[in-house]
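Positions annotated as transmembrane segment by TrEMBL: B:6-32, B:63-81, B:93-116, B:136-159, B:241-261, B:267-289.
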Amino acid sequence: MQFKTLLKTLPLLMLAAGLGSAAHAADVKLGLAAALTGPAAKYGVAIKNGFTLAADEVNAAGGVNGNKLQLIIEDEQGKKEEAINVFKKLIFKDKALLVFGPTLSNSAFAADPIANAAKVVAFGTSNTADGITAMGPFTFRNSVMEADVLPVTTRAAVKHFGIKKVAIIYGNDDAFTKSGYDVFKGTLADQKVPVTTTEAYAKGDVDFKAQLTKIKASNPDAIVCSCLTEEAANIILQTRALGMKQPFIGGNGLNSPKLFDIAKGAGDDTIMGSPWSPENLTPANKAFIAAYKAKFGSDPDQFAAQAYDALHVVADALKKIKLSGAIDKDRIALQQALPSVTIEGATGKFAFRKAPAVTGKEVGYDAQQEAIVNIAKGGKFILLK
Amino acid sequence: MLEQQLINALSLGSVYALFALGFTLVFGVLGVINLSHGAIFMLGSYAALLLIEHFALPLWLAMLAAMLVSGLIGLAVDCLVLRPLRARNAPHLAPMIATIGVATILTSLAQGLFGAENKRFPVGTIPEESYNWGNLHVTAVQIGIVVISFILMLVLLAVMRRTQLGRALRAIAESPKAAYLLGINVEGLFYLTSFAAAALGGAAGVLVGLSFNAITPFMGQPMLHKGIAVIILGGMGDIRGAMIAGLFLGFAEVLTVAYISSDFRDAVGFGLLFLILLVKPSGMFGKVLERKA
């Protein structure tokens, strides 16, 4: 009996507490759902750092229209189920004005519909899969799709090395490497570059020599690799052990200093496209890298850069609207202000563009951004000129 | 291309065989499918890595020490998990399930201690030379793997076939009760077997870590799957069978990639396993099942 009474009064108490804090705080609450533990934590932690850095900067400069930004950070563990839980908590309990994240595309497909139904912006900074922004008008992302980056990378590589034909190797049981492969396949067809052979490997494989021997026999001018860093590094090393000299072409998965920790000089001449590069020496990027190093004592990566930019995009949108205090109204005002934001961030010039239309459905907004093409020289990526 | 693929297959197959050796030894003597063998293999790799990184041990010494470390872990698993189950005469499934638990604990422990990222042996640990004959490329590591695997396999085979110890072990495999009545120290030899099997697993871990630069807490799982296939193909508990089946699986995988498609690499290995189970359920060289029945 007592327990039942408690169950009845608890929501009321929580509601009262919620109203109480909303009335006093002039903080703008922004939710962040990131994978802070589990295998995707290496991305999630960088994302959290990027957001924290940017929020501190904005607040140190007096906030937005006098309001301080308050990040509410929750761990979604890189799992769909947790992403759903965290989104619900941030939207319905914490009353966040918008939710950043989640970290993985898989999780975004599960959690973003909740935000769309509640008319709250879900802002992804690392979701590159196709179709994310088709989920609804409240889904935004500033992560550049592989579909935008890889054609630019491939064209640059073909020109740089005078490539006539390529071989492909990719991981066929991972959403990211598989979708990268699909994009490469379409791109190579569009650009009329013949593929000599296509080889696959599975998660956990460490011996790629059988596939590489077959690739060697097909005699390509370059090897396209839709792989994660650690696999890519071993693939490169094993290629060299087989006496092959071909350059590699890859996507985001290769964009990590870890590539050279493992492959050392063998990784030279690898061409990789990414929205962000530490070698891109614009003032905004230089300032970001210096501030990140000072705060966290390590070098930032692309995930931190995109998170950092995302907060500045939202801060810019917040400048354009006047918050009423009525959360539903403010959430919609933010959604309407976002598409017109343009900034010059760590990842360069940024703007939104409406996602490709889907019949009978309103869509969200993708990133409109230039890809940066890099080439590995002396154990690091430099800009390909 | 075929010569190169055969060399790839030989080095891959000998790793599978070496891994499966300890696995099959434990089954042969203790009658237990020890599913923590993959985790012990992984810890052997980390043990050598830590010894080389922190104490700058030469590779051969680090490898021996890693075998000792993984052997002791195997012994601990036997004392803490398998022995109590033996003492209680637990049904066959119990030790198998218990070792799944052990594997999960060891993997989580390794993830907590060493992180989830790939580690590799420091540059310079591994001889970087490679030998070329025309289009054929063989690295020193590949030669090392094949040679060390074969030495360990032949030593084990000789011990089993030619020594008093081997005779005692085979007697236990036949019937622990009869062996006990004959005055054989059955419990002691169970410990020794668990130790030796884990040490062999650790050696395989070091060799895989050396050749593929990919030491992770999760490296044991895929290897365990192959190991299960190998010991079933070779006949559960049969050491010679495990050697031949290990090499066979290596060749099957590599030739699948070469002549069919890399998409079917794992499918062909396990498809063959299925076929053999249909045709000869005791495996290619197995007698154990009939014997036990």
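Cβ coordinates are placed from backbone N, Cα and C, and glycine is handled just like the others.
Note that the structure is a prediction, hence the values are computed from the model and not measured.
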- Task: Determine which recorded stretch among B:6-32, B:63-81, B:93-116, B:241-261 has the most C-beta pairs below 8 angstroms with the transmembrane segment (B:136-159).
- Result: B:6-32
- Task: Between the transmembrane segment (B:241-261) and the stretches B:6-32, B:63-81, B:267-289, work out which stretch tops the count of Cβ pairs under 8 Å.
- Result: B:6-32
- Query: Are there residues at least 6 beyond the ends of the transmembrane segment (B:63-81) whose Cβ is under 8 Å from a Cβ of it, and what are they?
  - Reply: 22, 34, 36, 40-41, 43-45, 47-48, 51, 57, 95, 98-99, 102, 106, 190-191, 194-203, 205-206
